[in-house]
Amino acid sequence: MREHEIKGMVSAHTIIASSIFIATVMPLFFVEHFSVYGTHLTWLYSVSGSVAVVNIIIFWLLGISPPTKKHTLGYKVSRAVRSCLYFVLSCLFFHLVVVLTVHPCSIRCLCVLGPNVQTWIRVFSRDGAMSVWDTSLQITTASSVIGAWLGAFPIPLDWDRPWQVWPISCSLGATFGFLTGLIIAPAWIHWHRKQLTYKSK
Amino acid sequence: MRLTSETGVVCLHTHSRLTLSERGRKRKTARMKRFPILALLLWVATMFYVGIFLFVGGFLLVRLEVSRSSSCGDLLTLGDKGGPDFCQGEPRFQRAVILIIDALKIDFARFDAQNTAPKPFENKLPVLEEVMSSQPTHSRLFSFRADPPTTTMQRIKGFTTGSLPTFIDVGNNFASSAILEDNLVHQLGQAGKRVVFMGDDTWESLFPKKFHRSLPFPSFNVKDLHTVDDGILQNLYPTMEGSDWDVLIAHFLGVDHCGHRFGPDHPAMADKLSQMDGVIRSVIGRLENDTLLVVMGDHGMTDTGDHGGESLKETDAALFLYSPAEIFPPPGAEVEPEVVPQTDLVPTLALLLGIPIPYSSIGQVLLPLFPRDTQTAGALDYLTQAEALWINSKQVNRFLETYSQMAKDIPPESLSLLRADFSRLSSEYHKAAQKGLPPPPALVAALQGYLTAVRDTCRASWARFHPLKMVAGMVVLATACVLCLAVSELPAVLVEGGSLRVPLAVGAGLAGVVAALQLLNGGYTDVSWCLGAFALSSQLLFLWKLWCTRGSGGKGKAGRRSLLPQLTVPLLVLLLRCASLLSDSYVVAEGRVATFLLCSLGIYVPFCLNWDGLLLPVNHDPSKPPGVHPSPTLSPSTVRRESLTLLVCLGVLVGSLYLSLSFHGCREEQGACSPSAFLAPLSRVQDSRLRNLHYILSVASLAAWTYTLRRWLRHYGNLNCAGPAVFTARWLLPVASVCLALHWAVSSTPEESFRSLSELIGLALVALPRAAYSLLGLGVALIWLDPLTVFLKPRQPHQSRGSVLPPRYRASTGISPQAELHHLIPQLYQRMRRSLEDGEQAGAAEEDGRPAVEAYGLGTVYSAPLVLQWGLLGLGLLMLHSEGMALSFLLLLLEAAALLHLHSSSTSLALLQGAHTGGFSVPWTPVLLWALAATQFFHATGHLPTFPSIQWGAAFVGFPKGHTGTLLPASLVTLNTFSAHILFAVGCPLLLFWPLVCEVRGGRRGRGLVAGEGEEGEDAVMEMRLREKPQQFSCALLQLASRYLFIHGAQVLASVFAAAILRRHLMVWKVFAPKLMFEASGFVVTSVFVLVGMAMVMRVDMAVGNWFKRLLPEQSR
């Protein structure tokens, strides 16, 4: 079971990572003067959008989403609205506080955890992970945040590089952190598969 | 007892009242250790001071500036007949062109025809070789040796004053870098020569308004190779061809910038040097017979293109002299020096151009430029070698006499040797002169020897790093840091049995031995070595003792603890902060770096709590891991409220951090940056509406500051009694703020608008701030006199008989029990009572004995005087700043409160959920946050670690006409500069008290449980807990102080390392050395005020002890 899950995770992560690369390369053919530094926001939107779409598709296909009790239309609508709200709020939070945009992360959190603040908070505690996906979420989010934090470090240096500007280096750091997390997560879970025990909900 | 209506209100709403049992007889035997803690802290701080002193003694070279100037009429020695000394001969040259090619290393200037594959920097100046071979009596190339520090500004000072500039030239006006010492440019101006300058704009700041004409170009951007050079080239030839100049100075920067950017081994260097070759060619072609050409480098460069240090590659520049007229003897006719010290240019140029040698010059004339005797000089009355040397020697002797009267840093024995030497030479010279004979060559050599000896003596005391002292300083500092860590890890061992006597005695003994050895060997003692020996030996002995006794602190398995803590996130952040001091970019951006780290660490707090599962109430599910007992009294709402408090505090912290960024000043290295508008004094704001707005804002923040402090004191019931401290809080604090507001109003009024009231305004400018000073001083003195703010109220009978169960707490008003929980009164001081009573009597007391008194404000008895003192100090420091900084100070208050609450709520969250943190000890995170906040507010009050940014205006607050002494203005400026350090250092003990102060609001039961008391409903006793366990209190206090000192000490150590390692860095004198000075002074101020804060706590503890002593006999039956 665990092996199966890890394999699934590796392929899912590979798809997500490649979607980031595609999202970086594709706009070259559609947008004039596209570059990661010059048109940073466009790049960011493209990457976030593609990661969001890929995430939603993957998690929908894999069926990893929070259990839903009711299936009325109204409930679904309210869930969708709340999802959007939380997504916007999380973007704002990350933008304001962690000085970066970890959109990929927040959309992942939404996919795995659903719009429930309690679950979000619960997942990021030591004993909070309840499945392999939760653990992977912990790892990727932590590495994104750390990447963004480290991304702020070169800003004061006098190298005069175009990426040494506030949002660019942070979001680049976050993206690299996210990619690293995507690689580390399955490896780490594989390594620690004996120690990992998950409680049922 | 006087109960005003105000007190009555407080009675209703005061939630901090402790009631004492009437039956207390026995006192606890264990007492707080006051003196040993203070002594230990003082000793640790002294170790840091010694380390700083040693390092700075080896790194920063200090020299006094002599402010006198030479003039043509000077008689250099008393009783020396024969007319004025300077300007006696016909000047050899009327005009001079001085081309300074920055960083023109001697290797660049030499030409080697055999070299077939020259590197980019070799053989690129063929013009020098061509001229020297075709006109050997017209030109010479010398190796031109600079003295360290080999940085451009120091070098310009060196070859214009002829002295050895050090990093700190005392007497120098820090606010501007203008040279005040006598120098060539000044003398040229005095002699009526028209000095035209073009090039590096450093000259313009060194010699403001001294030039006949000046064309400065910006030198700041190291990456720009061409602006300065092209600017010079556009103007150089037209100026030379014109006649409006006597001395032309052109300072090219391209070679230096090319070295910094690409290094010497780069094609760009070849291009640059070839360009310079062309320049020299064109200039030589335009020279006339009465003109001397000097081509020189101010310093060399290393193989990587850097300079600043003392290696030969950095010090050896090129000096090329040329004149269309014959000036040199044919090569080989005389022994010529191979290496010319840089200082020698000054007397040579001065005598060649017929101006007095600058007063402080210690250079020696360059003999090949002077004729050996009058025959070779031809018909004209030029100075001969012997004459020039004699004038030179007399001038140097005069300087030496003046300097030795002012300063004592030249060893007396070498001084007396030099004096004897000079008087002997003087008599020999006079003898020869009386006979009318030319002085013998031996005398010329002896004069040269004398001048060399003087220069060597001066250089030994001014211009050399002492690597051994630097290393010793670093070792002492590093050991002191380890010591601090060890103390913070093992405070219990120290409080119980640590004694300083043995290490101190051994250290003093060793210092004596070192002194005696020095006396025997050299005849004098160097204090720094004795201090170093004392510090190092006592530290090592202390650590050794600690290492041996570390097992005895704790019992059992946890006994042997390590001396050093484990690397955790806060220590990692501290490590990053220290590492950032090693990079000039991070030092330049220090304000933002500190803010960023502070923000990160603040955000880390809730994340860490959440990771440990402490942020939210735990669901009581069966799957909870065993071992952690969910506390039965834990209410989720309490936890939620604490979490909410924590997050709100975090929000306030982040908000105030963000806002505080708008109060920063600007360094000159930060290109596109404009200093905060609040930094300028209000009187400089032109728009009256804007001025009024600023004033209102400032006064509002001032009022908020005062109100907040008073509100806090009132909330905790500390304003009820009639003691001096309460008098201070009630009257002195508000009156002082009113004085301050009035002072701002008066000082910001434009002078022209109230001309008739100018006398009154003048009086107010003096009286108001002085009144505020004395009120604040009086307030602090009163607090120290009697720091207690406790109000005792005899218990009214039958008040709490209403309930069935004897209540442990009692609300003052009839609000709901739920509200009582939040606003309960810490009433029955259970633990204390139990320790006071005998066992049998305890039962009786439970039944009929009622608590006899209620004490208002006893719960915050420690923190109230601290907070009050903090507020008074804050007002005083605010007064020294410009008006707009009131906003920043308010932010400081907010941020400090946010940090304290952040700390207290995370502590209570940890306690509430059963994660015991152990005693009162303050963990690293809040201490580091507190220390980082000090650095951050250093910047957010408009300060920067550079000398030009010191706010000198602080010295004139209350003293608009200036001072007579230097102590008072110096201390005012120090207080102004380090106000953030002072406030956070004094407030440091609050970190220990705050969790106890805030405990009332929810931590009550949890803490009781954790403390191991099965009894439910333990009363909140707030800071009285500390008196219960004096041992733990002492430990926690010692630990807190040593942690705080460690954090600051580690930063000092890092900047010391930065200065030592990067002493050849381009920015060492601009960035690292000032940063080291500020960090070291900041540490000294911090440690002093940490000790003041600790002493305040001890004073309160003493007062509380006496109070209990007084109270208990009174109340006992």
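Glycine too: its Cβ is placed from the backbone N, Cα and C atoms.
The transmembrane segment annotation in TrEMBL covers B:35-62 (among others).
Here the transmembrane segment (B:471-494) has Cβ contacts under 8 Å with residues 36, 40, 44, 47-48, 50-59, 529, 532, 535-536, 539-540, 542-543, 546, 549-550, 552-554, 561-565, 921, 1031, 1034-1036, 1038-1039, 1042-1043, 1045-1046, 1049-1050, 1052-1053, 1056-1057, 1060 of the same chain, all six or more residues outside its ends. For B:471-494 (among others), the entry in TrEMBL reads transmembrane segment.
Summarising the annotation, TrEMBL assigns transmembrane segment to B:500-520 (among others).
Annotated transmembrane segment per TrEMBL: B:527-547 (among others), in sequence order.
Feature annotation from TrEMBL assigns transmembrane segment to B:596-616 (among others).
The feature transmembrane segment is assigned by TrEMBL to B:643-661 (among others).
Feature annotation from TrEMBL assigns transmembrane segment to B:729-748 (among others).
Within the chain, the transmembrane segment (B:760-785) has long-range Cβ neighbours (under 8 A, six or more residues past its boundaries) at 724-725, 727-728, 732-733, 735-736, 739-740, 742-743, 746-747, 749, 751, 754, 865, 868-869, 872-873, 875-876, 879, 957-960, 1096, 1099. What TrEMBL lists as transmembrane segment is B:760-785 (among others).
Summarising the annotation, TrEMBL assigns transmembrane segment to B:855-878 (among others). Among residues of the same chain six or more beyond the transmembrane segment (B:855-878), those with a C-beta under 8 A of the stretch's C-beta atoms are 10-11, 14, 16-20, 702, 705-706, 709, 712-713, 716-721, 725, 728-729, 732-733, 736-737, 740, 772-773, 776, 779-780, 783, 787-793, 826, 885-886, 889, 892-893, 975-976, 979, 982-983, 986-987, 989-990, 993-994, 997, 1000, 1020-1024, 1026, 1093, 1096-1097, 1100-1101, 1104.
Taken from TrEMBL, the feature transmembrane segment applies to B:885-902 (among others). Within its own chain, the transmembrane segment (B:885-902) is flanked in space by residues 602, 605, 645-646, 649-650, 652-653, 656-657, 659-660, 663, 678-679, 697-699, 701-702, 704-705, 708, 874, 877-878, 926, 929-930, 933, 937, 940-942, 980, 983-984, 987, 990-991, 994, 998, which lie at least six positions past its ends and keep a Cβ under 8 Å from the stretch.
Residues or ranges marked as transmembrane segment in TrEMBL: B:978-997 (among others). Within its own chain, the transmembrane segment (B:978-997) is flanked in space by residues 716, 859-860, 862-863, 866-867, 869-870, 873-874, 877-878, 880-881, 892, 896, 900-901, 903-904, 907-908, 920, 922, 926-927, 930-931, 933-938, 940-941, 943, 1003, 1022-1023, 1025-1026, 1036-1037, 1040-1041, 1044, 1081-1082, 1085-1090, 1092-1094, 1096-1097, which lie at least six positions past its ends and keep a Cβ under 8 Å from the stretch.
Per TrEMBL, the feature transmembrane segment maps to B:1082-1100 (among others).
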Positions whose Cβ lies under 8 angstroms from the transmembrane segment (B:596-616), at least six residues beyond its ends: 569-570, 573, 576-577, 639-640, 643, 646-647, 650, 653-654, 657, 899, 902, 906, 909-910, 913, 915, 925, 928-929, 932-933, 936
